Amino acid sequence: MLAGPDTWRTPPIPVGRHARRAPRRWGIRRKRSAASLQLAVCALGSRDGAVMEAARDIGTFVVWDYVVFAAMLLISAIIGIYYAFAGGGQQTSKDFLMGGRSMTAVPVALSLTASFMSAVTVLGTPSEVYRFGAIYTIFAFTYFFVVVISAEVFLPVFYKLGITSTYEYLELRFNKAVRLCGTILFIVQTILYTGIVIYAPALALNQVTGFDLWGAVVATGVVCTFYCTMGGLKAVIWTDVFQVGIMVAGFACVLIRASVVQGGMSTILNDSYSGGRLNFWNFDPNPLQRHTFWTIIIGGTFTWTGIYGVNQSQVQRYISCKSRFQAKMSLYINLVGLWAILICSVFCGLALYSRYQDCDPWTSEKVSAPDQLMPYLVLDILRDYPGLPGLFVACAYSGTLSTVSSSINALAAVTVEDLVKPRFRSLSERSLSWISQGTSVLYGALCIGMAALASLMGALLQAALSIFGMVGGPLLGLFSLGILIPFANSVGALVGLMAGFAISLWVGIGAQLYPPLPERTLPLSLETYGCNSTYNVTKLVATTEMPFSTSAFQMHDVVRTPLMDNWYSLSYLYFSTLGTLITVFVGTIISLMTGGRKQNLDSRFLLTKEDFLSNFNIFKKNKHVLNYKSHPMGDGGTDNPAFNHIELNFTDQSGKINGTRL
């Protein structure tokens, strides 16, 4: 039960284990007497003793935990095997990559939720809330704007063209060079991101079970690659449905047990209020502040629209639906899933703070990284319940499996549609299906290799969103140019893309090398005065001065310059905004300078008022169901009229193409 506003304003008088602490102001460290400090110093023990005592404080994995974890892996693999043979197996590349375009809204919606609510969310978001407060909850508004923009701006254009790869659109709208640039950027971005989400649960496993870190990395990649290669998109979507259930169950068991241990949800909220964690509203317009209302709403909308609106991993799912109405519904149902996972992860972060408000495991070196805090909490509060720690690790692992399999399937789709089909048009559908499976194996191996890079990138949540910002922003700008600006041409698109990518890469790499100062990131105080081992008290002074970035590439002992304190201190959420706006602005100017107004353009490549008005015609199914029999099935690239060897017919001089009928 949530505590009311009055309860938040007047925290209860501390009793029991809380008696050692008094309410304090937001983010301001409690002053302790010289006597208590002297007592703490006198009680210092050996470091080895402290570590062994910390190890005894939490539980360990038992047989039932391994059983639960193994069952999740086994069920995921069985789903892949089932769809490898169900209905005759993956006979064509369309079956493998698009599920035969026969999916319905609910499983696709759950798959969309699972794909990017990965282990980065399961481990990173609670840690984020623990260290920086619940302002992260503002992303709930961001998700709403992102889903509406994706469903009403990008989906109508992609769906009516009947494309498999979003980058096919770039050739239809611009030319092959633009398409190739977009494809390469997507492949690089996705492999980097997937490396991070493979590394995240391996980190959790290493922390809570003692599994070899890189053994877990390889195991993740192998399992994902197996069922993705065997069953194609249908296997990916239905394993996502199963795995999102595991994710919710894992969060639920942690929240329920934490609420019981801490004395109710009202206690958790009161502790969070006293510690300054309920900092929902910060309207500072300064773009250098890491998280404010404006950076999350504006920067977050651009970042996540780059994921949901134009990223192949997501678009491939909703255009696999059997009708455009089902595709839009999948996005709106997915919004509910996003909100549910966000609320769960934020409350887990608040529970983390309530539990460790006077003995921070990170500062006291009981864990080596903030992203290990959730596994630490799980083994702390669930140690008497065999199987539940395994359920949480399965939760984190499920997030990774869903995301990695989605990425591998999308990479295979982009490779086959954008790199193979245009150059080898004589390949049969069966051959293309085998090539799709082969590329899935190849990209699985590449993603495992890139996980090594993730181990050097520091905090996982920011690293993941930074990659999407640096690469996804310019790509979002490129698609926005094509869909929203009629006079944009190929020259403007290419120059705009390069300009946007160069600028966002500059600021992104600079921020990794020279991270913002603490006054920009606004970390909240972390205490260790309540730890059993008073060795940790010596760390008290440094807790709020720790920089957010823990990148291995970070430059130390460097004199700060205005460039570092301003340009490189830009909020990481604005990387995408910057890349998008520069791409659109430069692309527009160059297009006007190079005769963009003189080009003849098919209106199907643009967002039109008919696309919006068709929302009110949901009962006229013949206007929303694609007819794929309009193209011969013998040629490569038959889903896309741009690669059809049959000459397209023009009904009039306006250039309306009959290649794809709606």
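Using N, Cα and C of the backbone, Cβ positions are placed for all residues, glycine too.
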Per TrEMBL, the range holding transmembrane segment, considering 31-50, 291-310: 291-310
Close approaches to the transmembrane segment (572-594) from elsewhere in its chain (Cβ under 8 angstroms; 6 or more beyond its ends): 287, 290-291, 295-296, 298-300, 302-303, 306, 462, 465-466, 468-474, 476-478, 480-481, 485, 487-489, 491-493, 495-497, 499-501, 503-504, 507-508, 511
The transmembrane segment (467-487) in contact with the transmembrane segment (291-310), cutoff 8 A, at least 3 CB pairs, sep 6+: yes
Chain residues in Cβ proximity to the transmembrane segment (494-514) (below 8 Å; excluding those fewer than six residues from its ends, i.e. six or more beyond): 174, 177-178, 181-182, 185, 457-458, 466, 469-471, 473-475, 477-478, 481, 549, 551, 553-555, 558, 560, 563-564, 567-570, 572, 575-576, 578-588, 590
Which of 211-229, 241-260, 291-310, 331-353 contacts the transmembrane segment (105-123) most, counting Cβ pairs under 8 Å: 331-353
Chain residues outside the transmembrane segment (66-85) and at least six past its termini with a C-beta under 8 angstroms from it: 223, 226-232, 234-235, 238-239, 242-243, 246, 387, 390-391, 393-394, 397-398, 401
